[in-house]
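**Student:** One structure follows; several queries about it will come next.
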Amino acid sequence: MIRATLVIALVLVGVFFLTVGTIGLLRLPNVYNRMHATSKPTTLGTAAIFLAAFVQFGPGGEGLTALVGAVFLFLTVPTGAHMIARAAERIGVPFLGSVTWPDASQLAREEEPRADAERGAERDAERQPGTGPGPDPAADED
Amino acid sequence: MTEATDPAVLETTIRAAIVVVSALCVFCSYRVIRGPTDPDRVVALDAIATNVVAIAVLFAIQTDRGLFLTVSLVLAIIAFIATVAVAKFVTEGEVIE
């Protein structure tokens, strides 16, 4: 009885968070904003559904599988979002407005020093005719 | 009385949740098809994979078969490996060098 109520509540919370994540994926304007919208609420929603499965199956073998799944999601989804964000920055998807990469020296350090100058130059050339609002972050990164 | 009605409520809730999450997968495919850049498509495919994991868990709860929790775990692992591989492929042009 209590178990069924708890399962229903957790499933409703999970579906709510999954819906929020999908609305953000459809409505937000930029790759980085969409990633922000999908990674966190989707993780929370699926973890809530995993917890519902843990409540349903009890702390035996299968419930432990559910807990392992929730822990695995909390480990892997931020890692994947981080890698996609880094890949999007590398291939030159522009930031929105005055947004910059959090640590600009981090970007410069992990490139080879000779490729850095020409890469920054070509990124400037890409951004100048583009969306306009941010010539300043490109100048800051150099 | 509530003991009699609660399993039916649980059944209906799980069923509705499966329908809603499946619809969310369809809405995510809009971003896969129309996404302006490749990372958009990767993000949307990642969201679809997580939704499919949620569907597998909901199916396990509905049918009371714990085997599908293992299925959902394997789906999560495959989704993570696919995301990492596509991110490496987009930046470096090859996955395994």
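Using the three backbone atoms N, Cα and C, a Cβ is placed for every residue, glycine included.
TrEMBL labels come from automatic prediction, so no person has curated them.
Here's the feature list from TrEMBL:
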TRANSMEM  A:6-29  transmembrane segment
TRANSMEM  A:41-58  transmembrane segment
TRANSMEM  A:64-85  transmembrane segment
REGION    A:104-142  region 'Disordered'
COMPBIAS  A:108-127  compositional bias 'Basic and acidic residues'
**Student:** Would you mind listing the long-range same-chain contacts of the transmembrane segment (A:41-58), meaning Cβ under 8 Å and 6+ residues beyond its ends?
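**Tutor:** Counting only partners 6 or more residues beyond its ends, the transmembrane segment (A:41-58) has Cβ contacts under 8 Å with 3, 6-7, 10-11, 13-18, 20-21, 24, 66-67, 69-70, 73-74, 77-78.
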**Student:** Which sequence-distant residues neighbour the transmembrane segment (A:64-85)? Criterion: at least 6 residues beyond either end, Cβ under 8 Å.
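**Tutor:** Distal contacts: 31-32, 35, 38-39, 42-43, 46-47, 50-51, 53-54, 57.
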